[in-house]
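K.L.:
First the structure, then my questions, so here it is.
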C-alpha cells in the first residue's frame, strides 16, 4: 500500500501517460483481487445480489481512474437555448384534458428514501421524522397519493428507493399503510465499499455490514436509481402494467407533489414529440448558490454541479445573475427510456468523489453519482422553471421550524403557503447549534411561534420559547455563553434584537 501511494506521487511528477496507464492497471488489478475476496464471504442466498453490487462498483472505480480533475470544460458551457427551459405558467396555461385520469394511470411516484436523519440528530430513516401534527415525511407522501387516487379514481403507485441503512425500518412501518389506497413497492440502492484514500483499496474485508463493519459500506448516491430500479425487476413489472413515466423526488422535499399540468405536458406534448426527461428547476436566491444548474454543453442540456467546476470559476458559478436557476431534483423520466439506456449501458453520469473521515480518523472516499446528471443521455430533455413552492426541502431544524409553523396549511398531505401571508417569500431562519437535534429543538419551543409576518430570524445560544410567541419582521436573539434567554409566553417580538440574560419566572 505504501508502494502504491509512493508510486502515485511519482506518477504525478512523471506525468507520462504510459506510466500512468501501468499504475491504473495495477490499481484496478489490486481492487479486483480485494473485491473477489469480499465476494467469497457472501452467503449463497445473497451471492447474486452482492455480485451485481460489486460489478457496478468496479465499473464506477474504472471510470474514476480514467477521469481526473473537474469534468467540465468551462469554455464549452453555454446558456441553455430559450425553448429548452419552459416557464411553468406556459405549461399550466394549456389546461387539463377531460381524460386526466387515464393520464394519471400511466404515472409512478418514486421517492428517494435512502437517507438517515443523522444530520438532525435522529436514528433511522429520515422519512420517519415527524414533520407536522405527528405526520412523518412518509405519512404525508402516502396521504398525497391516496388523495390523488381517490379524487380521480386512479391507481398511482408509490415506489421507495431505500438504502441498506433505511430498508428494514421502512419495511416495518409500511405495514401501517396496508389498508390505504396506494400500492407501495420498494427496491434497494446498491451497497458499495468505501475506499481507503491512501491505498485506493476497499476498507471492507467481508460482505457483512453490521457491528464494526457499518462504516465500510455506503449507498452510492441517487444516480444509482437507474441500475437498481432495472436490476430489481420492478421497472419491467411497471412497464408491463402500462406505466410510462416516473416522477422522482427527494422524500424530504415537501413541495414535490404530483403536478397534473407537467404530467399532461409529458403525455400530450404540444409538438407531438415526447420528452424522455424533464427537470424541474427554480430561480436561485442567495441561499441556493451551491445548487446544480442546467447549461447547454455540446448541444445537450447538462446538469453542472459545483463539484465539477474548475476552482477559478466557482464564484462565477455561484453568481445569481449568470446562472439564474438550480435543479430541485424533481424529475419526470420515461420508463421505456430508462430501460433502453440501461440495457445499452448508455447512462452517463459524472462521478462525484465524496471524501469522509471515519470515527477512528481514517480518511476514505465514496464514489457517487446524481440522478439528474443523466439528463444528457436522454432524448428531447426539457427544463421547466417551476414556482419556488415546489422546492421545500427539510434539511435542518431551521427548515423544520418553517414547515411546522402557521406559514403553511396542510391539506391532504400537501403543504401550501398560508393565504394570510402577504408576500410569498419564505423567511430566512437560522437556528444555532443548540437547536440542531430534533429532540433539543422540540424541547426549546413550548409551541411553534406565529411566523406569518416574519422576514428573518436568527437564534443563537441557550434560548427557549414559551407558548404563543409571535415573531414579526427581523428578530435576532443571542444568548452569550453562560447566559440563558427565555422568551415569555405570549410575547410579541417585532424587529427586535434580544441579547444578554432574560429569565422570566412564573409566579
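Just so you know, glycine gets a Cβ as well, placed from its N, Cα and C.
Straight out of TrEMBL:
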BINDING   126, 189, 221, 252, 395  UTP binding site
BINDING   222  substrate binding site
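For each listed feature, how buried is it and what is near it?
P.N.:
In sequence order, 115, 116, 117, 120, 137, 166, 251, 252 are the residues of the chain that are 6 or more apart from residue 126 (UTP binding site) and have a CB within less than 8 Å of its CB.
Long-range neighbours of residue 222 (substrate binding site) (same chain, six or more residues apart, CB within less than 8 Å of its CB): 112, 114, 161, 189, 250, 329, 369, 370, 371.
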K.L.:
Are there residues of the same chain, six or more positions away from residue 221 (UTP binding site), whose CB falls under 8 angstroms from its CB, and which are they?
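P.N.:
For residue 221 (UTP binding site), the qualifying residues are 352, 354, 368, 369, 370.
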K.L.:
Which chain-mates of residue 395 (UTP binding site) that are at least 6 residues away have a CB under 8 A from its CB, listed by sequence?
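P.N.:
Long-range Cβ contacts: 119, 252.
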K.L.:
What's the longest C-alpha separation between any two of 126, 189, 221, 252, 395, the listed UTP-binding residues, in angstrom?
P.N.:
21
